[in-house]
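Take a look at the structure set out below.
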Amino acid sequence: MLSVEMISRQNRCHYVYKGGNMMRRILHIVLITALMFLNVMYTFEAVKAAEPQQPISIEKAIQQKEGQALVEGYAVGQAVSPQHYKLTSPFSNDYNVALADRKNKTSPEHILPVQIPSAFRSQFGLQTNPLLLGKKITVQGKLENYFNTTGLKNVQSMNVTDDTKTPPAEQQVTINEARGRLNEEVTIKGIITADQNAIGGGKLSTFLQDETGGINIYSPSPEQFPELKEGMDVTVTGKITSYQGLKEIVPNSSGIKINQSNQSLPAPKHLTINELINGSLGDQYEGRLVKLTAFVSSIPSSPAGGGYNVTMIDDDHHAMTLRVMNETGVINELDEGKWYEFTGVLSRYQTFQLLPRKSADLKLLEEQPAPPSAEGEYEGIVDRVVDGDTIHLKSPVLGTTKIRFVNVDAPETYHTPKNDADENQLRFGKKASDYLKTVLSPGDKITVKVGSEAKDSYGRLLGQVITESGSNVNLELVKNGYAPTYFIWPVDNEEDYQQFQAAVAAAKKDQKGIWNENDPLMEMPFEFRAREQGKGLTRYVGDSSNKTYVQPADWKKIAVENRIFFASASEAESAGYKKRQTAPQEHVPLRILSMNDLHGKIDQQYELDLDGNGTVDGTFGRMDYAAAYLKEKKAEKKNSLIVHAGDMIGGSSPVSSLLQDEPTVELMEDIGFDVGTVGNHEFDEGTDELLRILNGGDHPKGTSGYDGQNFPLVCANCKMKSTGEPFLPAYDIINVEGVPVAFIGVVTQSAAGMVMPEGIKNIEFTDEATAVNKAAEELKKKGVKAIAVLAHMSAEQNGNAITGESADLANKTDSEIDVIFAAHNHQVVNGEVNGKLIVQAFEYGKAIGVVDVEIDKTTKDIVKKSAEIVYVDQSKIEPDVSASAILKKYETIAEPIISEVVGEAAVDMEGGYSNDGDTPLGNLIADGMRAAMKTDFALMNGGGIREALKKGPITWGDLYNIQPFGNVLTKLEIKGKDLREIINAQISPVFGPDYSISGFTYTWDKETGKAVDMKMADGTEIQPDATYTLTVNNFMATATGAKYQPIGLLGKNPVTGPEDLEATVEYVKSFDEPIAYTKEGRIKLAEASDIEDPVTEDPITEEPGDDPGTEDPIKEDPRPGEDLPDIKETPGTAPVHQLPPSAISRFNEIPINNTKTADTANSISTLPLQTETAESGSDHQLPDTSAGYYNFMVIGAAVTLSGTYLYVRRKRSASRT
């Protein structure tokens, strides 16, 4: 038994031994096979990785919408806001580029906006690289929402692709197809249907038609193209655009080819006005020849924009414009009130228009149908009440749902109040509207009674509204005092006229509503509109009781119950009305002479080139010459007054300012000024000093025994803060031959931010128009109707158009005001706004204003006015002896100080505002401030630099004229980040920077109006949280205006220094050589590559308001869109993925990493793919590579095989036991 067992065990061991050898062999085979497989896989993956990824098209990317993608397309422009692209240079930034599959495929739906990271902007931003436009670009990034559409963000690489192949020629398309390819370049062919010289208005503008459609050909430069005439067969290549709804093709520079001439025209399609304006045929036939039969209802008396907008209607009063261009001569063959068959091109300017091309396009119908008449009664259902005399219906009546109540004119509610009169109008307008809502509710059935004139110029139906109960709502508005009557000739129904006029007379007698004497409507609605809209009164006013009419301005002379309004005097006379004759009245002549903005320049004279031809026209100014002109002009008239509009003192020459401007006051008294107002500079030294100037009293720097000014200063909007009482009289009344003439004073509210807050702490400047209107009401109650305003408020003139604060004042103030003497912005102005004469006589005594008026002695009102600006030309008059003596006296006193030479200028140095970058003189002054106070930085406001510094010896007087305000330097402590806020505040969105600077430099972005890059003068960084010292003047440190306020708020621990002039004098003295400051580039517009991604959220586009009669404008978004920074940066450290300066290259250069790939020759740069820090917040990941895949498989295989080997070993061990 034992031997058998041993034999069995031996056999089993032999078996196990043999089995172990077999397992080892199998394991070796598996390992070898696995390693060979992995090696093959590695080679396969490496080859696969080496194959370049093929880019997808822009259309494919747009369809894909999301995910990683390599896209390729042409740079066609830049996204400026959702669905709006700028397609031509110059571009405003480098934040994004728009790609499309073709250079001319630029409809928004075919464009992919690509966000450009900061690392690529120097190479791919279109502001920096405008020549990149039209180049083919390949971009690797992530598809996601950008500018509210599919875009490409998180960009990893950008390359310019070789695009040397000639693109396929653009295939010709039909006009109908071309009309649907907005912003794309197309080629079309057709027949010219009108001579461009007949309908083009001086431009290349005519129409092309084929069998499928028509389109306008337009270019503002006709001289670049052949003249197009009717019947030409032409081929046009250009871009499809749209203007005011009209589809146009703008031809390329050589994009018009004339194939043949004298070809037959397409036959015009006979349509109706209703089919065009209320159906789809308008769009279908736009740009094509059509025929219409219509009635000419009105022909304007004068053209607008090179042609006449004639109104034509059909039998049902559907209206359309017949646009008759001057060059056609057609207007002279048209008769109002006739039926015609018109042939022309269907055009569009927001709404459809018909353009006749020649006289043959007009055919007067031989049998004239009766004129269209809408007169009658129509049923309707109320939808809503719009205002006190307008409602909307649920369904159209005569083509419109808008009903304007006829015979009445309710107070307006469309406006935002700016003064008491506006508030009053709005309050009564709401009362009328609220009343209307009590009698008319949505769903109410009404009857609309329409007269012979069916619609107004806005397309609203004119009618009387009758309720189901028979109540005439129009008449009830008048009876209850919610609205006055309003009849415009012709009057349809005499019975209606008498009924309404009797109702308004009764309401007025009973003082109902708007007629309440204790709370009246301040302005009739038509009077309010004339003022608020700035158009003035234009309709002549007839008196139905005696058949006379008066000028528009005299409307008050006719009682409301007798008023009928006419479009012109000739219309009134055609209706049988005669011009109202009044007995000849004796008129009182009055001359008013004016000055403004003298600024104490009593000794200064100027060489001027008045006509801008480059030749000096003479020497102008100096107060003894101005005195001679004023006295001479005063002597020419029996009645003369001399006035001024402020800023006569302050910022003065040394000869005046060294003695507290008492020399200027003495000269004004010698000349004989009668009244003036205050400007902001009258407050330069505060209210106490201004009162001393007016009332007298000695000043340490003034003359002994100073007795004050002998004429008043008036200011209606200068009020005491504590009580609201006047700081100065609101007005002054001067009797001229028994007629009172009043002068109201007013100063711009912005003066509060232009002077030392401490000096005016007890007063405030209230709303100008409100103050003037209140003063005018007081004057009218006193029987004063001849009223002028001395307004230290801006005005400027371009041709006949006057704008600015004074123009706004003219539109907002009482109609009894006849003349406004403007000031503040140193301009020459002479013209009218809203019936008010506005005059401004330049600056510094260079000119005077001469206003001549005539006053009706009976009405005491100004009935005639005119003005001229007379320059103080020294060559045409001798200086006034008395004024010369006064001037000489004070020049002698000031001479020793003024004439001291303190330095020498090697060049002319300009100063002022830094709108266009730093200025030489501004740099000099700012450096002097910084040196005087030994600070890190200095700032000087542009308005404080009053003159330029001329080449040659520099006197104390020269520097005084440059810095005349006597401000004191102030040192403040600020943080580095505060400096940025201070600088940003002074950058105007319109004009740019203000301050001159020292100790640092900065660049700024015109789009954002913000500083971009700020550095110390030596180029080192300004640390945001470090403390620095800053020098400003005490005006800047304490002013409360928006641009100055951050200085006072952020500056700490103020230290007072010397006067600014003293610092400049000492700095100039410190130079051993002639001073030659230049424009150094301390302030520059930012290069696009300097601008960081400025926003971190979706762009917000504000919706414009709905202004009646206007389209919503498409404007470029001032922000660059949602340009999210791809890499977050920590202040003071280099950005993780920022390319080094040496890597910044232009397109078609070697890539950044200098590593050749299949596309090396055309690659620009590839963003390095480094592992990001936790702070970066970026989701950029390394892409899968063959190496990564291979390593993963090797590790997996090794683990698997190791496990298998261990398992076998364990089994083997178990078997042995």
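Including glycine, each Cβ sits where the backbone N, Cα and C put it.
Here Swiss-Prot flags Arg404 (among others) as active site, drawing on sequence analysis. In the three-state DSSP classification, Arg404 (active site) falls within a strand. Shown in sequence order, Asp389, Thr390, Asp456, Tyr458, Arg460, Leu461, Leu462, Gly463 are the residues of the chain, 6+ apart in sequence, with a C-beta less than 8 angstroms from the C-beta of Arg404 (active site).
Residue environment of Glu412 (active site) contains 21 other Cβ atoms, counted within 10 Å of its Cβ in all protein chains. The feature active site is assigned by Swiss-Prot to Glu412 (among others).
Here Swiss-Prot flags Arg460 (among others) as active site, drawing on sequence analysis. Look at Arg460 (active site): DSSP puts it in coil. There are 20 other CB atoms within 10 A of the CB of Arg460 (active site), with all protein chains counted.
Counting only residues at least six positions away in the same chain, the Cβ atoms of Asn596, Asp597, Leu598, His599, Gly679, Asn680, His681, Glu682, His792, Ala823, His824 sit under 8 Å from the Cβ of Asp647 (divalent metal cation 2 binding site). Under the heading divalent metal cation 2 binding site, Swiss-Prot lists Asp647, Asn680, His792, His824.
Residues or ranges marked as compositional bias 'Acidic residues' in Swiss-Prot: 1089-1110.
Residues or ranges marked as pentaglycyl murein peptidoglycan amidated threonine in Swiss-Prot (evidence: sequence analysis): Thr1185.
Annotation comment: Swiss-Prot describes 829-1085 as region '5'-nucleotidase'.
Among the features that Swiss-Prot reports, region 'Disordered' is placed at 1087-1142.
The motif 'LPXTG sorting signal' annotation in Swiss-Prot covers 1182-1186.
The signal peptide annotation in Swiss-Prot covers 1-46.
Counted within 10 Å of its Cβ, the other Cβ atoms near His681 (site 'Transition state stabilizer') come to 26, all protein chains included. Here Swiss-Prot flags His681 (among others) as site 'Transition state stabilizer'.
The 10 Å shell around the Cβ of Asp684 (site 'Transition state stabilizer') contains 25 further Cβ atoms across the protein chains shown. The site 'Transition state stabilizer' annotation in Swiss-Prot covers Asp684 (among others), and the record cites similarity to another entry as its basis.
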Secondary-structure category, per DSSP, in which His792 (divalent metal cation 2 binding site) falls:
strand
Please list, in sequence order, every residue of the chain apart from Asp647, Asn680, His792, His824 whose Cβ lies within 8 Å of the Cβ centroid of the divalent metal cation 2 site.
Asn596, Asp597, Ala645, Gly646, Val678, Gly679, His681, Glu682, Val747, Thr748, Ala751, Met793, Ala823
Between Asp684 (site 'Transition state stabilizer') and Glu412 (active site), what C-alpha distance do you get in Å?
43
Please classify the secondary structure at Asn680 (divalent metal cation 2 binding site) using three-state DSSP.
helix
Quick check on the binding-site residues His792, His824: which one has the highest count of other Cβ atoms within 10 Å of its Cβ?
His792
Around the Cβ of Asn680 (divalent metal cation 2 binding site), the count of other Cβ atoms that are within 10 Å:
22
